[in-house]
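So that you can see what the record holds, here are the features copied from TrEMBL:
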{"type": "DOMAIN", "residues": "12-427", "note": "domain 'Aldehyde dehydrogenase'"}
{"type": "ACT_SITE", "residues": "Glu210", "note": "active site"}
{"type": "ACT_SITE", "residues": "Cys244", "note": "active site"}
Amino acid sequence: MDSHSQVLERLRTAFRSGITLPLEFRRTQLTKLLALVEDNEEQIVKALHQDLAKPKFESILSEVEIVTNELHHAISNVATWIQPEYVSKNLATKLDDCFVRREPLGVVLIIGPWNYPLQLLILPLVGAIAAGNCAVIKPSEISSATDCLVAELIPKYLSQDCYAVVRGGAEETKALLQNRFDHIFYTGSQAVARSVVQAASVHLTPVTLELGGKCPCLIYGQINIQAVAHRVVWAKYFNAGQSCVAPDYVLCTKATRDALVPALTTVLEEFYGKEPQKSPDLSRIVSARHFTRLMKLLEKTKGKVVIGGQSDEKDKYIAPTVLVDVEEDDALMGEEIFGPILPILTVEELEKSIELVNRKEKPLALYVFSNESSVVKTTMEKTSSGGFCSNDGIIHMALPGLPFGGVGASGWGSYHGRWGFETFSHRRACMLRGWALERLNGLRYPPYSEDKLKWLRWTTSARSNCSLM
């Protein structure tokens, strides 16, 4: 097995050769990546079930389809994305070609998480390939079956000179980060993100961080309680709540809570039956360590369990759980839950709920449920989050045209569709000048005078730009 330095040298040599620059190469590699997913769908589903007991339906929807849709979008649009972007000019630059040129960054590192181990590894890779980069791909060792499958398939489908998979645990990742990359794209926890940023700072390497946080779900005004229950349950318990954009807690009035809890009970039974542990449609917690963390949160909380609460350590199973009488300073409100546990906090006024949300770090996503447009508008305008969705959950991240990413502690930068291409591109400002208008250029040469300054200010001002329109 090659050392990290040997892998990087191979990729740097390939990048310097210019092999990744032509449009045809980028399209070819994207098409091969599409074939990788389509040819191996059954193996992918099997690996995801081994890692997380993911039902086939959820695996296809959140790992296969979202990736193939992204690939089709990139293949169809990359020719447009790479075109120079011409900018407006003033009188002094009237005869020049002035444009922004998208150029690849070089050799990039993509570190994937365990909760969506294919999607959150391959989607940034799509952007990196479309932008013309070489890439080192580091899957999560926690989702070991998918890790193994990715390491097996990538070299079979993609250029081994340009793309490499590096495997291993925390120590191997730490060693990998000691190398210089041209960009690092990390998806995972805030704790590990700090180590990634620290390592990147040694080489002044730019970093994209896709993290998470506590995504609030506000329910106010007139609502269809059954529709709300269906959408909240689906978004929360999809992948057993192990989604960075899952609703983390609910804010609503006491009256809404009293109507919501019975509706949630009904929907949970509709989705997963009277014995959810036997349902083939409910994932499991990824590891014993994460199971223990979640159970400790339930032990510490002062909230009252009104739905679920059962668990099976051997099966890494925690029942879909709902709690009420949860306060802002409760153990469940101190960190991202990242599991099938949903606390409900009662706050009688929308404005007070917004104040509570704004006291916390900015979340990766924020959800509001209401039939009243004023509630939706007020929530959107008075909060800040990576993404915002009204009357549904998670679904906004499936659209390639919308950027996906956090703000503040929930992440730096964004991707999906063109946004991923831009993340892995350098926007180079270009001006191509000839030798015309040298007399006009003489205005900037010494000896200086007030007249020269006056004319120069006019030829370079926005006013001269308007006069050319």
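Each residue, glycine too, has its Cβ placed from N, Cα and C.
Nobody curates TrEMBL annotations by hand; they come from automatic prediction.
Cys244 (active site): 28 other CB atoms within 10 A of its CB, across all protein chains. For the domain 'Aldehyde dehydrogenase' (12-427), the mean pLDDT of the prediction comes to 97. Here Glu210 (active site) comes close to Leu120, Phe185, Tyr186, Thr187, Gly188, Cys244, Phe404, Gly405, Gly406, Gly411, Gly413, Tyr415: these same-chain residues lie at least six apart in sequence, with C-beta atoms under 8 angstroms from its C-beta.
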